[in-house]
Amino acid sequence: MQFSLIPFISSFALTVIFLPLFIGFMRMKHEGQVIRDEGPKWHEKKSGTPTMGGVVFMLASVISTLWVLIWQKNLNKTTWILIIAFLGYGIIGFLDDGIKLYFKRNLGLKAWQKLLGQIIIAALIIALAFSDHFAFELYIPFAGMVRNSFLFSLFVLFWLVGFSNAVNLSDGLDGLATGLSIIAYATYAWIAYQEKNWVIVAFTLSVIGGLVGFFIFNHKPAKIFMGDAGSLALGGGLATVSIFLHRPWSLLLIGIVFVLETLSVILQVISFQTTGKRIFKMTPIHHHFEMLGWSEWKVDIVFWIVGLIGSIIYLIIWG
């Protein structure tokens, strides 16, 4: 099978065609983002900006992946696992966004409801992988390759839930999570291409195409936000791709900004609960730099560069 940019082009085209219509629909319905009180005060001017844009690039990515792989006669169980992970986490985010919009508040699903949904999707992925005779083995530093279905399943559960939330935490500035996700998915597209894993190539290129189309409307000043529907889907998709390329640990470098954003929140909570003091002015850490006086564009560019450096380092050493 030959490499093709058709998945990228298809997803990009679908997104740039339908996203303006979606933005117009949301504005007509007066449905927009409710900005949380705990965030930077200058973010309040973003209140009312249409959200849930992730639904558009998510569907564009799924449609493009499916029709291209059907056309190439390469549809297999891995395809469906990727789609289920991407759509499954996206649906959880969609429900979360929908509740926020319906009740005009910044809180959607309760934490336990969202976590339960994420665990169910992860469990489904594990079950499908098991039925597909996927190699349940995990490399553990200093211990080597460990073949243990239970340990591997726990890891997959943690990885999917953890990174879906990590991307979600990073979606706090115009274009930030979109740019970081483009870099991460492009890195995995290259790895999959090198390994001739055409299913993952098609999926990652479709997601990249959707994200590039979405970025046109999401960069500062954003005309639309991706919402939890987009960020949870992107995180779940990244985690699943890393696992099915048998390179799960790669996400620690390729998704280094997502990791740092999450660590900043964890450290802040631990510090405040144990000492009563905060390490950062505000978390996730992109808000800390805003509080230091950095513009959104400066934070975006610096964080994108860090993400790009992480990906390049991984490719140089292990690619």
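Even glycines carry a Cβ here, placed using N, Cα and C.
According to Swiss-Prot, the feature transmembrane segment maps to 5-25 (among others).
Under the heading transmembrane segment, Swiss-Prot lists 51-71 (among others).
Residues or ranges marked as transmembrane segment in Swiss-Prot (evidence: sequence analysis): 79-99 (among others). Same-chain residues lying 6+ beyond the ends of the transmembrane segment (79-99) with a Cβ under 8 Å from its Cβ atoms: 51-52, 54-55, 58, 61-62, 65-66, 69, 107-109, 114, 117-118, 121, 124-125, 128-129, 132, 160, 164, 168, 199-200, 203, 207, 227-233, 235-237, 239-241, 244.
Residues or ranges marked as transmembrane segment in Swiss-Prot: 116-136 (among others). Beyond the transmembrane segment (116-136), the same-chain residues lying 6 or more positions past its ends with a Cβ under 8 Å from any Cβ of the stretch are 77-78, 80-81, 84-85, 88-89, 92, 95, 109, 147-149, 152-153, 156-157, 160-161, 164-165, 232, 236, 240, 244, 246.
Marked as transmembrane segment by Swiss-Prot: 149-169 (among others). Here the transmembrane segment (149-169) has long-range neighbours at 85, 89, 93, 115, 118-119, 121-123, 125-126, 129-130, 136-138, 177, 180-181, 228, 231-236, 238-240, 242-243, 248, 251, 255, 258-259, 261-262, 265, 284, meaning same-chain residues at least 6 beyond its ends whose C-beta is under 8 angstroms from one of its own.
The transmembrane segment annotation in Swiss-Prot covers 172-192 (among others). With a cut-off of 8 Å between Cβ atoms, the residues of this chain six or more beyond the transmembrane segment (172-192) that come close are 39, 198, 200-201, 204-205, 207-208, 211-212, 214-215, 218-222, 226, 230-231, 234, 237-238, 241-242, 245, 247, 250-251, 254-255, 257-258, 284, 286-287, 290, 296, 299-300, 303-304, 307-308, 311, 314-315, 319.
Cβ atoms under 8 Å from those of the transmembrane segment (197-217) belong to residues 1, 3, 5, 7-16, 19-20, 23, 53-54, 56-58, 60-62, 64-65, 68-69, 72, 74, 76, 78-79, 82-83, 86, 175, 178-179, 181-182, 185-186, 188-189, 223-224, 226, 230, 234, 237, 241, 244-245 of the same chain, restricted to positions at least 6 beyond its ends. Among the features that Swiss-Prot reports, transmembrane segment is placed at 197-217 (among others), with the record citing sequence analysis.
The transmembrane segment feature in Swiss-Prot is assigned to 224-244 (among others); the stated evidence is sequence analysis. Residues 19, 22-23, 26, 33, 49-55, 57-58, 78, 81-82, 85-94, 96-97, 108, 118, 121, 125, 134, 156, 159-160, 162-168, 170-171, 177-178, 181, 184-185, 188, 192, 200, 203-204, 207, 211, 214, 217-218, 250-251, 254-255, 258 of the same chain, all 6+ positions outside the transmembrane segment (224-244), place their C-beta atoms under 8 angstroms from a C-beta of that stretch.
Residues or ranges marked as transmembrane segment in Swiss-Prot: 252-272 (among others).
The transmembrane segment annotation in Swiss-Prot covers 299-319 (among others) and is backed by sequence analysis.
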Closest-packing stretch to the transmembrane segment (252-272), where packing means Cβ pairs under 8 Å, from 5-25, 51-71, 299-319: 299-319
Six or more residues out from either end of the transmembrane segment (299-319), which same-chain residues have a Cβ under 8 Å from its Cβ atoms? 173-176, 179-180, 183-184, 186-187, 190-191, 194, 220, 247, 250, 253-257, 260, 286, 289-290
Sequence-remote contacts (6 or more beyond its ends) of the transmembrane segment (5-25), Cβ cut-off under 8 Å? 50, 52-53, 55-57, 59-61, 63-65, 67-68, 201-203, 205-210, 212-214, 216-217, 223-224
